[in-house]
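J.: The following feature annotations were taken from Swiss-Prot:
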- 170-186: compositional bias 'Pro residues' (COMPBIAS)
- 194-214: compositional bias 'Pro residues' (COMPBIAS)
- 291-304: compositional bias 'Low complexity' (COMPBIAS)
- 321-355: compositional bias 'Pro residues' (COMPBIAS)
- 78-167: domain 'VPS37 C-terminal' (DOMAIN)
- SER29: phosphoserine (MOD_RES)
- 159-355: region 'Disordered' (REGION)
Amino acid sequence: METLKDKTLQELEELQNDSEAIDQLALESPEVQDLQLEREMALATNRSLAERNLEFQGPLEISRSNLSDRYQELRKLVERCQEQKAKLEKFSSALQPGTLLDLLQVEGMKIEEESEAMAEKFLEGEVPLETFLENFSSMRMLSHLRRVRVEKLQEVVRKPRASQELAGDAPPPRPPPPVRPVPQGTPPVVEEQPQPPLAMPPYPLPYSPSPSLPVGPTAHGALPPAPFPVVSQPSFYSGPLGPTYPAAQLGPRGAAGYSWSPQRSMPPRPGYPGTPMGASGPGYPLRGGRAPSPGYPQQSPYPATGGKPPYPIQPQLPSFPGQPQPSVPLQPPYPPGPAPPYGFPPPPGPAWPGY
């Protein structure tokens with residue numbers, strides 16, 4: 001189109017009347033040139049592909065012939081397999097447990113009839129003794145063997161039938177329980193396992209079985225009435241294991257510089273043995289009094305009891321009707337004796353708060 005812009009009207013009229021010039025102008029256009037180039041490139045590509053395919057022609061023919069041979073071999077193998085399968089079906093039908101059982105029964109009856117016939121001939125005198133002894137024993141042995149085989153084969157035939165009947169009579173398995181959908185916002189609930197019962201006596205003891213040890217777990221709530229007197233025992237505190245402060249000396253006056261009041265002093269009790277001087281030490285009382293105090297007031301380890309036991313006695317619980325009452329007065333469970341040299345006074349109340 002650009003070449004036609006520069007031409008005059010007369011040249012355009014001449015070009016219109018000249019068909020060769022129009023054809024030349026069309027061939028020289030860039031669009032036609034591009035198409036021509038693409039055509040030449042496609043022809044070259046097709047030529048190269050054709051040459052490459054011709055190179056694979058020989059291996060392709062060889063592979064085709066091999067495939068044909070293998071196919072013929074496959075057909076022969078299929079025919080042979082069909083023949084072997086027919087033979088196997090024929091033999092298997094003859095060797096079925098039911099068929100074998102029938103054949104064994106027939107042969108067993110046959111050999112038994114032959115042996116009976118020989119015995120009858122021997123009794124009639126038609127068969128000599130030597131022939132009868134040789135043949136009759138072998139016949140009877142074969143008859144017994146076949147009878148045993150028939151019995152065993154009958155057991156083998158019955159077992160699969162019994163198993164099939166049991167499998168048919170068995171109920172179908174139960175489906176698993178459906179899973180309940182849990183909302184997304186709700187946390188999963190964990191089921192608590194029941195705890196095993198504690199190995200503890202049904203009723204706690206009315207007294208402490210070990211007075212020198214700390215008090216164990218106490219009973220909560222009222223306990224049922226017991227048929228024996230209930231008392232409580234004090235629990236003594238053994239004190240710290242290390243050296244303690246020396247006790248104050250008994251008497252109107254203590255150590256120098258310390259005034260001792262009568263309320264803090266207690267005369268020695270009669271009946272308690274004294275401690276030798278050589279056995280005294282830090283934390284141990286001396287004979288005839290207590291160790292001098294370094295300035296701290298000390299309390300007496302033995303409270304004034306006034307002739308009563310150092311532990312309280314609890315009143316007897318109400319007993320069941322018809323139960324005999326004790327004729328002797330109540331006594332503490334432990335006999336009174338020398339109290340330990342150390343310890344704190346017993347608690348004012350009973351040791352068991354549940355009573």
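For all residues, glycine too, the Cβ spot is worked out from N, Cα and C.
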J.: Would you count the other CB atoms within 10 A of the CB of the residue listed as 'phosphoserine', including those on all shown protein chains?
T.: 12
J.: When the domain 'VPS37 C-terminal' (78-167) is classified with DSSP, how many of its residues are helical, how many are strand and how many are coil?
T.: 84 helix, 0 strand, 6 coil
